[in-house]
Amino acid sequence: MKSKCDFGDFDKLVGGHVSIAGSIGLSPERAAAFGFNTFQIFVKSNLQWKYKPVTEEEVENFRDGVKKFHMAKPVVHATYLLNLGSENRELVEKSMDDIKYEIEVCNRIGVDRLVLHPGSNSNREIALNSIMELLNSLETGNVTMLIENSSGKGNTVPATSEEMGKMLDLSKNKIGICLDTCHFFAGGYDLKNGYKESIDSLRSNGITGHIGALHINDSMFDIGSKKDRHENIGNGYIGDAGFSNIINDRTFNNIPMIMETPGGDEHYSGNMEKLKSLLVVQ
């Protein structure tokens, strides 16, 4: 069965976050049912340290499903509990142990992209340097760790193009960026009326060539709010104009675009149709 998604005709990979309930091995078929040609999963609880080991049967079923349903470049999202910038050594150790486990699972199931929220510290410079020192120390196999940009709320990093660029400059490992559109907009980058300037800020900081995934989410709040509140595509402040800019930007061709929109499964169909309606034949 081939994915019903026709974004591939435009070199676009579009999908959403799907459930692993019952088995990780079921997720490729669930993604195909939504018409996705890529998708994202958790491989363990996103809000707990403990985990249920992934079986060899699940690994085989996942790999087979990715091939059967023609899924391209699936993505794993790490637990939300990570904080590599913390001064709490126990939290840092737990975070490192978790990342090592999630990297191991990614390599087993054949996923080469692991998205993570790296953490925070009241001293942003310390956070950036500490996080990168720790990430550089990891053995990743075939996996590239994708650092997700924050909305700028509190002390979470990276919140700006400059901070993303600095982290890449400090990288000595397989490290890239996952660009979240809601976070980017909330951080003050105008994807609607100042798109060229926003993308130029990424390009000038050496980021565009290192983007391994996008989280395509509209924003419930206006530009610069620093609020991480996702909205369905076209229903927020980024709006149709902003997402027309994003979906038609060849910079993001063949890069997984993952929806993390409110209502999840219930609204994926409408979000997919909205994005398709914004595509322009070039």
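In case you wondered, yes, glycine gets a Cβ from its N, Cα and C as well.
These numbers come from a predicted model, not from an experiment.
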>> Starting from the Zn(2+) 3 binding annotation in TrEMBL that includes Asp228, His230, which of His77, His117, His183 is the extra site residue?
In response: His183
> According to TrEMBL, Glu148, Asp180, Glu260 bind Zn(2+) 2; which one of His210, His215 is listed for that same site?
Replying inline: His215
> Hey, how far is Glu260 (Zn(2+) 2 binding site) from His230 (Zn(2+) 3 binding site), Cα to Cα, in Å?
Replying inline: 7
>> My understanding is the cutoff is Cβ-Cβ under 8 Å with a sequence separation of 6 or more in the same chain; which residues meet that for Asp180 (Zn(2+) 2 binding site)?
In response: Glu148, Asn149, Ser151, Leu214, His215, Asn217, Glu260
>> I'd like the Cβ neighbour count for His230 (Zn(2+) 3 binding site), meaning other Cβ atoms within 10 Å of its Cβ, all protein chains included.
In response: 21
>> An 8 Å radius from the center of the His183, Asp228, His230 Cβ atoms defines the neighbourhood of the Zn(2+) 3 site; name the other residues of that chain inside it, in order.
In response: Ser151, Asp180, Cys182, Ala186, His215, Asn217, Ser219, Lys227, Arg229
